[in-house]
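Summarising the annotation, Swiss-Prot assigns active site to Lys16, Asp141. Residues or ranges marked as ATP binding site by Swiss-Prot: Pro99, Met100, Gly101, Gly102, Gly103, Leu104, Gly105, Gly106, Gly107, Ser108, Ser109.
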Amino acid sequence: MSSAPVELRDCPAPAKLNLFLHVVGRRPDGYHLLQTVFQLIDWSDTLHFARRPDRRLVRTTDILGVPADDDLVIRAARLLQAETGCTYGVDIAIEKRLPMGGGLGGGSSDAATTLLALNRLWGLDLPRAQLMKIGLKLGADVPFFVFGQNAFAEGIGEKLTPITLPPAAFVVIHPRVHVPTPAIFSDEGLTRDTPLTIITDFPDQQIVFAYGRNDLQAVAERKYGEIARALVWLRQFSPLARMTGSGACVFAPFDNVEHAQAVADQVPSEWEGRCAAGLTHHPLARFAV
């Protein structure tokens, strides 16, 4: 193991947006086959890590409804210990800003930031591909955050091709409803046979903001009226408004932060509105190669 710090503070766990999300089939084990473009944005949770000389894994922050042992950050650390035999432990504090059940990948991003940070803190120097393989055991979105850059994703979300996206700012609205992902994917009305997309469908990358649709959106709008209302409101300012992931957050792209912020400032008070800039890379991407 290489020399390593004993503490890493202010580690971002950025959100993602699904610029489109197509359900193209289903595996025999029930997992849905997807195609999507993942866009990183600068709205994030923040994690702090302090190395322990023992093997204990301690979440020092209470999170309502999420027992520490079930938290993806602890599960990620546990898997990393098991994979490497590392004898260190860690204290993890989380500043939670991303809404749970929002379709922003908050829990998955927290897990990926944990894998990346502990790779450095514990002096493991594991390659990115190995961290992505570990991350897949935690959830289909985790490998993307470890991958560390905007991507066209296939399979259950783990087959990733880097993609260059145009600069953009986004208005993201959380309608303050929690959407359990299984409730959307198990709905009989879900479209599961959207034709396959190939990455060369985006010769002009600007088209990606208007491309396709979110196949989960119609089901989510039917089940959760507040999502539908947020989309109607946002479409006053952009015809490109759509939902991310399985909801509940909706978003629209704008040419610059000033325009996006002006719209975000008008979001009705019963919802949470946010202006977020697009990122090209994960802030901790350098923690693995």
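Just so you know, glycine gets a Cβ as well, placed from its N, Cα and C.
Overlay of Swiss-Prot annotations on the structure.
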{"residue": "Lys16", "record": "active site", "contacts (Cβ under 8 Å, 6+ apart)": "Phe38, Gln39, Leu40, Ile41, Leu104, Gly105, Ser109, Asp141, Phe144, Phe145, Thr244"}
{"residue": "Pro99", "record": "ATP binding site", "contacts (Cβ under 8 Å, 6+ apart)": "Gly106, His174, Arg176, His178, Ala248, Cys249, Glu272"}
{"residue": "Gly101", "record": "ATP binding site", "contacts (Cβ under 8 Å, 6+ apart)": "Val177, His178, Val179, Pro180, Thr181, Gly247, Ala248"}
{"residue": "Gly103", "record": "ATP binding site", "contacts (Cβ under 8 Å, 6+ apart)": "Asn18, Val179, Met243, Thr244, Gly245, Ser246, Gly247, Ala248, Cys249"}
{"residue": "Gly107", "record": "ATP binding site", "contacts (Cβ under 8 Å, 6+ apart)": "Leu72, Met100, Gly139"}
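The DSSP secondary structure for Ser109 (ATP binding site) is helix. According to DSSP, Gly103 (ATP binding site) is assigned to coil rather than to any helix or strand. When other Cβ atoms within 10 Å of the Cβ of Gly105 (ATP binding site) are tallied across all protein chains shown, the result is 28. Note: the ATP site is recorded as Pro99, Met100, Gly101, Gly102, Gly103, Leu104, Gly105, Gly106, Gly107, Ser108, Ser109; in the same chain, Ala15, Leu98, Gly245 also have Cβ atoms within 8 Å of that site's Cβ centroid.
Under the three-state DSSP scheme, Asp141 (active site) falls in the coil class.
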